[in-house]
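Enquirer: Structure below; questions to follow.
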Amino acid sequence: MAQRIFTLILLLCSTSVFAGLFDAPGRSQFVPADQAFTFDFQQNQHDLNLTWQIKDGYYLYRKQIRITPEHAKIADVQLPQGVWHEDEFYGKSEIYRDRLTLPVTINQASAGATLTVTYQGCADAGFCYPPETKTVPLSEVVANNAAPQPVSVPQQEQPTAQLPFSALWALLIGIGIAFTPCVLPMYPLISGIVLGGKQRLSTARALLLTFIYVQGMALTYTALGLVVAAAGLQFQAALQHPYVLIGLAIVFTLLAMSMFGLFTLQLPSSLQTRLTLMSNRQQGGSPGGVFVMGAIAGLICSPCTTAPLSAILLYIAQSGNMWLGGGTLYLYALGMGLPLMLITVFGNRLLPKSGPWMEQVKTAFGFVILALPVFLLERVIGDIWGLRLWSALGVAFFGGAFITSLQAKRGWMRVVQIILLAAALVSVRPLQDWAFGATHTAQTQTHLNFTQIKTVDELNQALVEAKGKPVMLDLYADWCVACKEFEKYTFSDPQVQKALADTVLLQANVTANDAQDVALLKHLNVLGLPTILFFDGQGQEHPQARVTGFMDAETFSAHLRDRQP
C-alpha cells in the first residue's frame with residue numbers, strides 16, 4: 001500500500017502542472033507566440049477578415065501590424081483604435097487585447113496571390129516576442145469596376161490620450177488670465193453693461209445676472225472644446241505622427257511668443273467690430289440679453305486671451321475626449337468669470353491696482369504655453385532630450401523671475417529671490433551634465449562590457465574561446481522594454497557586476513529579426529525576449545539557469561549565486 005502511495009506522489013510531481021509550482025523566478029512561464037496570438041483568416045470574394053485571439057495577459061502593438069499584398073490589390077486598411085499602454089522607455093503606444101478583427105477589402109487578386117501579415121506583441125509580465133510573419137493565400141478575385149465600399153472597422157475601446165495636466169488647471173489658468181492687462185481693466189465696464197446701468201439692484205439679482213453672463217461665455221467655450229475634441233478624435237492617429245507633433249510644437253511656441261509681446265494675435269478688427277455691435281444691441285439687466293452678451297463675448301478674443309485659448313484648444317485636440325474637451329473649456333471660462341462675479345457683488349474695491357505686474361502675469365502664461373511643445377516633442381526626441389528641454393525651460397522661467405524680482409524693494413521678496421535662484425540652479429543640472437559629459441561618463445562606468453555576436457557560428461566560436469570560463473549570453477532587442485530595464489536597473493548594479501566578474505559576457509542584438517537572428521533564436525529554442533542563457537566551461541547550456549522575463553538587481557544576484565555554473 002505504501003509503495004502505491006509513493007508511486008502516486010511521484011506521478012503527480014512529474015506532471016507539468018505540479019512541476020510548475022516548483023519553478024524558480026525567471027523560468028519560462030510564457031507560451032509560444034502562436035498560442036499568445038492565435039491568428040486566423042477567412043475570405044469571401046472581396047471580403048477578407050483577419051482575426052487574432054489574444055491570450056489574457058498579452059497584447060499586440062497597433063503600430064507593428066503591417067499588411068503587404070503580393071499579386072493583389074487591396075483597399076487602404078484602417079486599423080481600429082486600441083487602448084493606450086505606457087512604459088518608461090517607449091512612452092504611449094496603442095495596443096490590442098482579447099481579440100482583434102481586421103477587415104480587408106480585396107480589389108483584385110490573381111491566381112496564387114498572397115497577403116503577408118506582420119505583427120508583434122508582448123506579455124504584461126515584461127516578455128516580448130520577435131515580429132511574427134504570416135502568409136495568407138488569397139482566392140482569385142476579379143477586379144470590380146464599381147468603387148469599393150469603405151470598410152466598416154469595428155471600434156474597440158476608445159483610447160483617451162493621457163495629458164500631463166488636469167482639466168482643473170484650466171480653472172486656475174482662467175483666473176490668471178483675468179489679471180492680464182487686456183482683461184482686468186475691462187471688468188468694471190463689463191459689470192456695468194451686464195447690470196444695464198442700474199445701480200440699485202439687490203445683491204442676489206446682480207449675482208444672478210453676472211452668473212448668467214458667465215454661463216453664456218462658458219457655453220461658447222464649451223462648444224469650441226467639444227468641436228475641437230471631436231475633430232481630434234477623428235484624426236487621433238495623425239495627431240500622434242512625429243511631423244504633426246513637431247508642427248503643433250511650433251504653433252505652441254509661436255503662441256507663447258505672442259504672450260511675450262513679440263507680435264499681437266487676435267481676431268480681425270472687422271470681425272471684432274461686428275461682434276461688438278451685436279453685443280451692444282442686447283439689453284443689459286435682462287437674463288436673456290445678458291446670456292447672449294456672454295455668448296458673444298466668448299468669441300471676442302483680446303490679444304491676451306487669444307494665445308492661451310488657442311493653446312488650450314490645440315492641447316485638448318490631442319486627447320480626442322469630448323468630455324475632457326468641453327469640461328476644460330468650461331472651467332477655463334468659469335475661471336475668467338469668477339473675478340467678474342466678485343466685482344459685481346463687492347465692487348471695485350476688490351480689484352488690485354493696475355500696474356507693470358499685469359504684464360508679468362501675461363509673460364508667466366507665455367511660459368505655461370511653452371511647456372506644451374516640450375511635452376509634445378518629448379514623444380519624438382526621447383526622454384533624455386526631453387529632460388534637457390524641461391531643464392532649459394525651467395532655467396529660463398526661474399532665472400527670468402529672479403531677475404525681475406531684483407527690482408522689488410520689499411523685505412519679504414528676498415526670501416522669494418532665494419527660492420527662485422535655488423530653483424534655477426536645480427533646473428540647470430541636466431544641462432550641466434550634458435555639457436560636461438557627466439551622464440555619459442557615469443553610464444560608461446556602470447555598463448557591462450558585452451562581446452557582440454550575431455550568428456550560431458559566432459556563438460560556438462565564442463564558447464570555444466571562453467577557455468573553461470562560464471559564459472552568459474544576453475539576447476537583446478530595441479523593441480524589448482524589459483531588455484532596457486535589465487540594462488538600466490540590473491546590469492548597472494555593483495553587486496551584479498561583481499558576481500559576473502569572472503564570467504564571459506556575450507550579447508546578441510536581434511532587433512533586425514533577420515534570417516541570422518531567426519536562426520540563432522531557433523537554435524537556442526528562444527520564444528521571446530528578454531532571455532538570458534548560462535553556459536558552463538565546456539560550452540554546455542544549463543537550461544535550469546535560463547532567465548526569461550525581467551529580474552531586478554537583488555533577484556538576479558540571488559539567481560547568479562544559486563544557478564550560475
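Each position is counted from 1, following the chain as shown.
Note that Cβ sites are derived from N, Cα and C of the backbone, with glycine treated the same way.
Pasting the relevant annotations from Swiss-Prot:
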DISULFID  C122-C128  disulfide bond
DISULFID  C182-C304  disulfide bond
DISULFID  C480-C483  disulfide bond
DOMAIN    434-565  domain 'Thioredoxin'
SIGNAL    1-19  signal peptide
TRANSMEM  163-183  transmembrane segment
TRANSMEM  208-228  transmembrane segment
TRANSMEM  243-263  transmembrane segment
TRANSMEM  296-316  transmembrane segment
TRANSMEM  323-343  transmembrane segment
TRANSMEM  365-385  transmembrane segment
TRANSMEM  386-406  transmembrane segment
Enquirer: Would you mind reading off the Cα separation of C483 (disulfide bond) from C128 (disulfide bond), to the nearest angstrom?
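Expert: Cα of C483 (disulfide bond) to Cα of C128 (disulfide bond) measures 9 Å after rounding.
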Enquirer: Considering the disulfide-bonded residues C128, C483, which residue's Cβ sits among the greatest number of other Cβ atoms within 10 Å?
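Expert: Ranked by Cβ atoms within 10 Å, first place goes to C483.
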Enquirer: Would you mind splitting the domain 'Thioredoxin' (434-565) into helix, strand and coil residue counts from DSSP?
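Expert: Per DSSP, the residues of the domain 'Thioredoxin' (434-565) fall into 61 helix, 24 strand, 47 coil.
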Enquirer: Using Cβ atoms only, which residues of the same chain lie under 8 Å from C122 (disulfide bond) while being at least 6 residues apart in sequence?
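Expert: Those within reach of C122 (disulfide bond), by Cβ under 8 Å and sequence separation of 6 or more, are Y58, Y59, Y61, C128, Y129, V481, G528.
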Enquirer: Please compute the mean pLDDT of the model over the domain 'Thioredoxin' (434-565).
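Expert: Reported value for the domain 'Thioredoxin' (434-565) is a mean pLDDT of 87.
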